[in-house]
Every structure is written in C-alpha cells, then in structure tokens.
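Everything on this sheet refers to the single structure shown next.
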Amino acid sequence: MAVVNEAKIDIYDDFGGTVEGDMTVPTQRKNQNVGSEPEFNTLDEPVRVTVLRDLRAVGIKFFHVLYPKEKKSLLKEWDLWGPLLLCTFMAMLLQGSADIADNSNVGGPEFSEVFVIVWIGSMIVTLNSKLLGGNISFFQSVCVLGYCLLPTVIALVVCRIILLAEQSQLLFIIRFVVTMAGFGWATSASMVFLGDSQPVGRKALAVYPMFLFYFVISWLVISHS
C-alpha cells in the first residue's frame, strides 16, 4: 500500500527571502495483513526468479519473430540475451566443418567465424541504418537483427538432422529449400520490425544490407556438410 509523506521545506533565494513549499515523497509500506509476503524489488528477489523472468522475456521475443505481427514488441525492451544464445548455438553446430586432415583444430576458426559474421555484420547493418537516418537506437537494431536469426537457426537444426542420413541430390534440394525458407523468414521479420524506422525513400538502401547479412549466414548453413 502506497503512503505519501508530506514535508514542508524552506528554500532561501539569492535576495535573502524564503520560498516555502510542500514536498511529497511517495514511500512503500508492506502489507500488514496476516499471511502476506513482503514485496521484493529487482534487487531483493532471488536469482532464480530473475533468471526465469529474463528467459520468459526472451521466449516472448522469439514468438514475435516467428509470428511477426506486433512491430514494437522487440523495440520496447531490447536485450542481447537472445542473439547471444542463437549465435552460440549456431557456432556450436557449425564448428568442425573443416577438413580434419588439413586442420587439426577444426573447432576454433569456425566458432569464431560465426561470432564475427553475426556481431560485426549486425553492427555494420545497424551503422548503415543510422547513417540513413533511422530513428531507433543502435542496440535496438542489433537486438532485432539478432533475434531474427531464429528462423535461420531452425533451418540449421533441420539441415543437421538431414545430414545424418546418406546424402543424395533429393536431400540436398530439401536442405536448400529449408535454408531458403529460413532466409526469407528472417529477412521479412527484420523488415517488419525495422522497416518503419527508415525514412521514406531510403528503405531499399536499408533493406539491402539486411538481405546480404542473412544471405551470408544462410550460405554457411547450406554449405555445411
């Protein structure tokens, strides 16, 4: 229950007079009912509650990427947890694609390559958007570009499952179709969230780098064997 404390203050001006006024200070009082629990703020709550709340927020953003109808859902409260999870997961699945005979440390370059492409690529696309006059912040754009990698990650998982079988031309066509579907979904979702942030007449200049960004990542997915 909120309680308002009122205090009367006197302020002396430069001419020696006083200016009187009332200062209201809202405070919080715990509920005194029997069996009630004290209220916690974000500093007092348990770590488990904080982690579950953040994971729930990430899951909601993933849903909005798969069903991109609410344009402001990823821009209200941006975070980089989802992009970090997707980037790490992609790097783990794509590592080891090099020839073992040529490189004994097959996990290192591919893992770092994915991180460089995702983060540096998203920063370049964001910088291009800002230079064109975009009206969203830098981290909001990076957040949207990272979360919209979800369809590409789903396509990567499907392709890895297909690679477990003996490869044929038909399976390659299926992998290609799945990868292109993820590429198209990721590009269209990012355009839904970021399209309105660009000035009229410059949207094509902002969409083209996003197209290249997701195309390069999709190329890594289809070329992985």
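Every residue gets a Cβ built from N, Cα and C, even glycine.
These features come from TrEMBL:
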DOMAIN    74-220  domain 'Yip1'
TRANSMEM  144-164  transmembrane segment
TRANSMEM  170-193  transmembrane segment
TRANSMEM  205-222  transmembrane segment
Chain residues in Cβ proximity to the transmembrane segment (205-222) (below 8 Å; excluding those fewer than six residues from its ends, i.e. six or more beyond): 90, 94, 114, 117-118, 121-122, 124-125, 128-129, 132, 134, 145, 148-149, 152, 155-156, 159, 175-176, 179-180, 182-183, 186-187, 190-191, 194-195, 198
Secondary structure content, the domain 'Yip1' (74-220) (per DSSP, counts of residues): 112 helix, 0 strand, 35 coil
Averaged pLDDT, computed only over the residues in the domain 'Yip1' (74-220): 83
